[in-house]
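Here's what TrEMBL has on this protein:
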type	residues	note
DOMAIN	23-464	domain 'Major facilitator superfamily (MFS) profile'
TRANSMEM	64-85	transmembrane segment
TRANSMEM	97-119	transmembrane segment
TRANSMEM	125-143	transmembrane segment
TRANSMEM	155-173	transmembrane segment
TRANSMEM	185-204	transmembrane segment
TRANSMEM	278-301	transmembrane segment
TRANSMEM	321-339	transmembrane segment
TRANSMEM	346-367	transmembrane segment
TRANSMEM	373-398	transmembrane segment
TRANSMEM	410-429	transmembrane segment
TRANSMEM	435-460	transmembrane segment
Amino acid sequence: MQEPLIDGVGSSENYSVAAAILPFLFPALGGLLYGYDIGATSCATISVESSSLSGISWYDLSSVQIGLITSGSLYGALIGSVLAFNIADFFGRRRELILAALLYLVGALVTAVAPSFVIMVIGRFVFGIGIGLAMHAAPMYIAETAPTQIRGRLISLKEFFIVLGMVVGYTVGSLFVDMVSGWRYMYGVSSPLSVIMGIGMWWLPASPRWLLLRAIQGKGNMQDLKENAIFCLCRLRGPAIGDSAPAQVDEILDELSSIEETKEASLGEMFHGKCLKALIIGGGLVLFQQITGQPSVLYYAASILESAGFSGASDATRVSILLGLLKLIMTAVAVLVVDKVGRRPLLLGGVSGIVISLFLLGSYYIYLGDAPAVAVIALLLYVGCYQLSFGPIGWLMISEIFPLRVRGRGLSIAVLVNFGANAIVTFSFSPLKALLGAGVLFYGFGVIAVLSLLFIFFFIPETKGLSLEEIEAKLL
């Protein structure tokens, strides 16, 4: 009776599909803006360096300065992840996303109208802080408000929005790249989306689970917070929930009490017991997501397709759009099957494909230089398998594996690991390539991918069909 979830099976939740769309859509815009920034920046750096098309007098930038423009948002995202650690549970998921939308807007406008290089980098940095907060709060809000039956599909769909944003960014960039001051338009285009995201999050209700966590931790009047949670749950589920909202809220409260959510987690507690187990699962997954070489493989995409004789393959924008469309298709497949097939099969199958593709790429650069078709097949296999596995499932797992009272802090650590590992791989790639050669480097990524496969097999649990409270009670 004290642990209702240990032996029981959670009942399915009644919900209206129409009501479930908006609580997903507005947080997911944070992912779309993140993807858009990646795509647009790849074209903006071409525009800003052009003596004839940049429209500025400071276009003659060094490689370090271009690197700061490109990675300025990444540095900001790292800071945003650190900030999220301290404000997430106090601020709440909804208000954190409103703040992220505001930072997106300010960062985009400052970058677009920047009169100097320094102001442009400041704008990139501010936009990056928005990325860090959005990538932290969006999966949490979606996980805590989505019906159990479609939670995996909705969180994975956020990855689809990131990839969609990249494709939109590449496309918009290709339209403006030949215009004078085209880079200003590329960055400015994201402003209206930031406004829509902010207004949408202001309109949406708070996460009922966050309200109930505050209630049982004594951070407000229990009855008032409980009534607010019932009201929010009714808005999130729509008319289909009927009169069952109070019972569902009481059930969540009982479950939270039974799994000791009444105490606020300290920093030290993150590294003990079930919190440590969740941190190993979530942090390990997003670490392997990056150190299996995802940024590096995409770096070689243009040269690989060009060596295979594809017309126009030297045009980085066209190559990026081609790969972006493949990523969209494969992410859509993952979204459709994740709640049917499960998380582990997608991870094991997808990462197995990544292992094969990395060893094929290594072999191409060392032994098979006269067979570029091998490299093309390996490249497409890598991109497709990544979007079936690490791409969507990494973000899904970190959003659902952490216990509620440490979810804000746990997710901020996982997001920090993600962006930090991305930065390390990105910045160490060129010196490692010069030292070891591309073939050895891809073999090294292949070995790391094998280790990630073992990690997934022995450490990653299956969370399909379980409520967030069941995951904590059964798997941690």
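Quick reminder: no glycine exception, Cβ is built from N, Cα and C everywhere.
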Discussion item. For the transmembrane segment (125-143), I need the partner stretch with the highest count of C-beta pairs below 8 angstroms, choosing only from 64-85, 97-119, 185-204, 278-301, 321-339.
Written reply: 64-85
Discussion item. If I count Cβ-Cβ pairs under 8 A between the transmembrane segment (410-429) and each of 64-85, 97-119, 155-173, which range comes out on top?
Written reply: 64-85
Worksheet item: So are the transmembrane segment (155-173) and the transmembrane segment (185-204) touching or not, going by 3+ C-beta pairs under 8 A with a sequence gap of 6 or more?
Response: yes
Item to complete: Grab the same-chain neighbours of the transmembrane segment (185-204) for me: Cβ-Cβ under 8 Å, and only residues 6 or more beyond its ends, written as numbers and ranges.
Response: 22-23, 25-27, 29-30, 32-33, 36-37, 40, 43-44, 47, 94, 97-98, 100-102, 104-105, 108-109, 111-112, 123, 130, 169, 172-173, 176, 179, 235
Discussion item. Counting CB pairs under 8 Å, which listed stretch among 64-85, 278-301, 346-367 touches the transmembrane segment (97-119) the most?
Written reply: 64-85
Discussion item. So, taking each listed stretch (64-85, 278-301, 435-460) in turn and counting its Cβ pairs to the transmembrane segment (346-367) that are under 8 angstroms, which one gives the highest count?
Written reply: 435-460
